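Just below is one structure, and these are the notes that go with it.
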Amino acid sequence: MTSVFAHVTGSLFRHRPESDTTGKGRPPDGFDRRLLAPMMLGSVLNPVNSSIISVALVPIGAAFGAPPSRTAWLISALYLATAIGQPVVGRLIDLFGPRRLFLAGTAMTGLAGVVGMLAPNLWVLIGARVLLGFGTCAGYPAAMSLIRSEARRTGHDSPAGVLTALAVTTQTIAVVGPSLGGLLIGLGGWRTTLALNIPLALAGIALGLLRLPRTPPPDRADGERRLAGLDLPGMGFFAVMLVSLLVFLMEPGIGHLHLLAVVAVAAGAFTVRELRVDAPFIDLRVLGGNRPLLLTFGRALLAYVVTYAFLYGYTQWLEEGRGLSASQTGLAQLPLFGTAIIVSTLTGRRPEIRGKLLAGAAGQVAACALLLVLHSASPIWLIVAVALVVGVPQGLNSLALQNAVYHQADPARLASSAGLLRTFGYLGAIVASAANGAFFGQRAGTGGMHHLALFMLAVSTVFLLVTVADRTLGNIGSKRKAERR
């Protein structure tokens, strides 16, 4: 893991936002594979913290006397921070490159680990998760930006194996997270799941300082031009809109209807601002004219609602409804991990995206239907079967969505577009977290899990129908085949 951190940081920070520098030892006509390890490492900090908490929710609730409706904030807090932070940091990377952002984010991740490990109550722990969300924002947009910059440098599109490696790495960490979390909880309690960030952050900072070249500060005129491109008011409206929406989704009710008014006002102000400013935070004109990319973002929202509802809701049910321990629950998820990695590896180099998304959506429908047959005395073989079925769409969807954004986004805004993809995925996680709190209430019982499964089944069906209706996806694979000819 330490060597991976070294490669990630070292390569990421050789990037320049204004021009591509080849550097010594870089292959002149091929992708610099020394970048692979740095890109992968920077991208896994967020997924590991997203998934590892799933098996810690029950022991955290027991420690602080909090029901699932309250511990759900541990999930949503991280995703809210990341949903806001990913496109913001992505835009900063488009403008400045990743070096300072990576170092600041890594330090923030370590600080969040300390605060979380020592948290005296649930709300301090939720604050640590917010800090963690902001701290882990830079890796994925930076990796996508590097892939595009390498393509510009070499004059050739980056090999499919690069995107596959990135997707497989993030999937591996995300899916193995529950198993790792169960192991850590068995060794030292739930606080070890937060303490894990401390050595990772220290390694990242040390290796970043030792191996990453310094980026010369811009001159005054260039600095002012880049700062003008930040569109701070647009970022502020975007943040107010998401925060208000999250709070309403977490605790919907008549008493919180005013939050929807805040969402509407912030959305209107954001739209007006982005359409009028010369350097918008999110270029709505370009985005509005890019229907395939908008549909990809919509599919990401739907796909990740189901993914995260399974990750958190089903995992909680295994502990409270089925009676498994945290370590047993983590082990029960291992078949999902293996299936997802195998599927991603076998299909990653195939350029066709539509077929992957169709199979992924259909797999989610089948997995959600299978959840309806589970009960408090379900045999272990059936639990393993569910994990195997869920692993198929897990291995297909995130890879296909990532590849779609790479080919559909404006190259000059690829990092911010990659950040937006993660934002829509985290909005899906927020919706899933709200659904978990609503269906489970005080305890994650079988009845609540079945209601959650019906909700997931409806969402996955919409995902399938939207994918079937979208014929633009077939163009991506066709273009890649034509290029090879």
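A Cβ is built for glycine as well, from the same backbone N, Cα and C atoms used for every other residue.
Here is what TrEMBL says about this protein:
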- 35-472: domain 'Major facilitator superfamily (MFS) profile' (DOMAIN)
- 44-66: transmembrane segment (TRANSMEM)
- 72-89: transmembrane segment (TRANSMEM)
- 101-120: transmembrane segment (TRANSMEM)
- 126-147: transmembrane segment (TRANSMEM)
- 159-188: transmembrane segment (TRANSMEM)
- 194-212: transmembrane segment (TRANSMEM)
- 256-272: transmembrane segment (TRANSMEM)
- 293-314: transmembrane segment (TRANSMEM)
- 326-345: transmembrane segment (TRANSMEM)
- 380-399: transmembrane segment (TRANSMEM)
- 420-440: transmembrane segment (TRANSMEM)
- 452-473: transmembrane segment (TRANSMEM)
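Tertiary proximity for the transmembrane segment (420-440) is limited to same-chain residues at least six positions away from its ends with a CB under 8 Å from its CB atoms, namely 46, 50, 68-69, 72, 75-76, 79-80, 82-84, 86-87, 90, 140-141, 242, 246, 249-250, 252, 282, 296-298, 300-309, 311-313, 316, 401-402, 405, 448-449, 451-452, 455. Count of Cβ pairs under 8 Å against the transmembrane segment (293-314): among 44-66, 72-89, 256-272, 380-399, the largest is for 380-399. With a cut-off of 8 Å between Cβ atoms, the residues of this chain six or more beyond the transmembrane segment (101-120) that come close are 9, 12-13, 42, 45, 89, 92-93, 127-129, 131-132, 134-139, 142, 191-192, 194-198, 200-202, 204-205, 208-209, 212.
Put simply, of 44-66, 159-188, 326-345, 380-399, 452-473, the stretch with the most CB pairs closer than 8 A to the transmembrane segment (72-89) is 44-66. Against the transmembrane segment (380-399), stretch 326-345 has more CB pairs under 8 A than any other of 159-188, 326-345, 452-473. On the 0 to 100 pLDDT scale, the domain 'Major facilitator superfamily (MFS) profile' (35-472) averages 83 in this prediction.
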